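Database features, via TrEMBL:
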type	residues	note
DOMAIN	55-488	domain 'Major facilitator superfamily (MFS) profile'
TRANSMEM	51-80	transmembrane segment
TRANSMEM	92-110	transmembrane segment
TRANSMEM	122-140	transmembrane segment
TRANSMEM	146-166	transmembrane segment
TRANSMEM	178-196	transmembrane segment
TRANSMEM	208-231	transmembrane segment
TRANSMEM	337-359	transmembrane segment
TRANSMEM	366-389	transmembrane segment
TRANSMEM	395-422	transmembrane segment
TRANSMEM	460-484	transmembrane segment
Amino acid sequence: MGFQQHGNRELGLSAIALGSKNEYKRMHSELPEGDDDVLQQEARRNSTRKYVIACATFASLNNVLLGYDVGVMSGAVIFIKEDLKISEVKEEFLVGILSVISLLGSLGGGRTSDIIGRKWTMAIAAVIFQMGSLIMTLAPSFSMLMVGRFLAGVGIGFGGLIAPIYIAEISPNTSRGFLTTFPEIFINLGILLGYVSNYAFSGFSAHINWRIMLAVGILPSVFIGFALFIIPESPRWLVMQNRIEEARSVLLKTNESDSEVEERLAEIQQAAGLANGENYEEKPVWYELMFPSPSLRRMMITGIGIQCFQQISGIDATVYYSPEIFKAAGIEDNSKLLAATVAVGVTKTVFILVAIVLIDKKGRRPLLFVSTIGMTICLFGIGVSLSLFSQGSFVIALAIVLVCGNVAFFSVGLGPVCWVLTSEIFPLRVRAQASSLGAVGNRVCSGLVAMSFLSVSRAITVGGAFFVFAAISSLAIVFVYVLVPETKGKSLEQIEHMFKNEHERQGSEMELGDVEVQQLVQDKTILTD
């Protein structure tokens, strides 16, 4: 996967030629001056690559917290029920409330990041989550556990929203998809760590083990404090604050050539000029979101829609309640249940690597099609295996394979691409707050699924619930085909123009230049007539 920028292909060819002809030459003795310039450019390219990857990595640390909580609670709740003697309704409430509460963080996170910046919003998220985790760890009762859960949810809402936006705003065009998958990678890593924690500490007494499991979740947030001294502020936010030289300084570290820095800065300044009211008649952001223009309406339908489909297709039911699924298949021993969930976590984490490799090569839409079609098949298969066959080793093996298949297909497309698209498609002026609405939709749907799965599965069986998820996942295929465009290789500003052009069809592979040529031809025809 490359960080090669548009307009630098000649440089890339020169670098290849240099590597083949001058493999054993000394850098500062026998090389011609032109080759020395190429080596300097190559050194800058390598430096830029490392710097941007470091920024994306540190910005994604908050997402480990979200993933860890999702993974660890699936096992911890078994022992919380035993220790605190809570009912099944309280269990559903405990598991699902995090997603519902996190929407408060998502709603506040967009506005907060516009005021104090993307970087410091991530810091606030880490502090709030640490407080919540500490309260949950020491909670003597269900009520105190819910207080900690409330704070943790707000922190996760803040962090989960802002990381993809920040990464999209600092990334080069050709590697933006790859880098914006980092938050999803870290969510998957967190889920895996949560499952491993469940298995590792399950041998302790029920009064102690779930507290240790939750306490471990505090550790990732400690590293976020260190990250704040490494990562810069978003250049697009800096331009919005009229801090142009600071924005240029950041772009010099994240782009491979000075000419490209100036080009990107000019695009951002133009977008920020519009964003600061030149063409908006000083309308507040909330007004634009409540009464959107046709292009913004299309963006919101696409962004919020894909966020909702990510959750109502049942991924949180699969992850949170995988022990219940395997129990329905016939596994009874708690340690074996938790061991099976580790297999799910490993699969979900490994297959995100496929998305990393392909998202900037094949594009967003192909991955979404593969993902939604594969998920539909696996979800339907889970329903069939749990409904039509008796419990036994065959059904257990089939259930494990299909659950792992479902999370694998999710990780290939719908999981990471959802956040990539949401961070790309909105204009600079409304990006943070429009993305927060998408995150709210995501969290509400996640909460509804998590808080209702046990009740629904009791009413129509676990297999019946997965037939419903399969039907919803099939609708996601249609949604992607009709409404999701391809954004691969385009700058954030070009994507905005793509939505604004009413002749640009969803899913078209046309580049911006092609759209402009088409418009010129149409204008000429009108003049001729």
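Placement of Cβ uses the backbone N, Cα and C atoms for every residue, glycine included.
Sequence-distant contacts of the transmembrane segment (208-231) (same chain, at least 6 residues past either end, Cβ-Cβ under 8 Å): 54-55, 58-59, 61-62, 64-65, 68-69, 72, 75-77, 79-80, 83, 119-120, 122-123, 126-127, 129-130, 133-134, 136-138, 190, 193-194, 197-198, 201-202. Scored by C-beta pairs under 8 angstroms, the transmembrane segment (178-196) has its highest count with 51-80, from the stretches 51-80, 122-140, 366-389, 395-422. Note on the transmembrane segment (92-110): residues 66, 69, 73-74, 77, 80, 86, 121, 125, 128, 142, 145-146, 149-150, 152-162, 316, 320, 432-437, 439-440, 442-444, 446-455 of its chain, located 6 or more positions outside it, place their CB under 8 angstroms from a CB of the stretch.
Distant neighbours of the transmembrane segment (366-389): 309, 313-314, 325, 328-329, 355, 358-359, 395, 398-399, 402-403, 405-406, 408-410, 412-415, 417, 461-467, 469-470, 473-474, 476-477, 480-481, 484; these residues of the same chain sit at least 6 beyond its ends, with a Cβ under 8 Å from one of its Cβ atoms. For the domain 'Major facilitator superfamily (MFS) profile' (55-488), the model's pLDDT averages out at 84. Touching of the transmembrane segment (337-359) and the transmembrane segment (395-422) is concluded from the presence of at least three CB pairs under 8 A, sequence neighbours closer than 6 excluded. When Cβ-Cβ distances below 8 Å are used as the criterion, the transmembrane segment (122-140) is approached by residues 59, 61-62, 65, 105, 109, 112, 147-159, 162-163, 166, 211, 214-215, 217-218, 221-222, 224-225, 227-228 of the same chain, each at least six residues removed from its ends.
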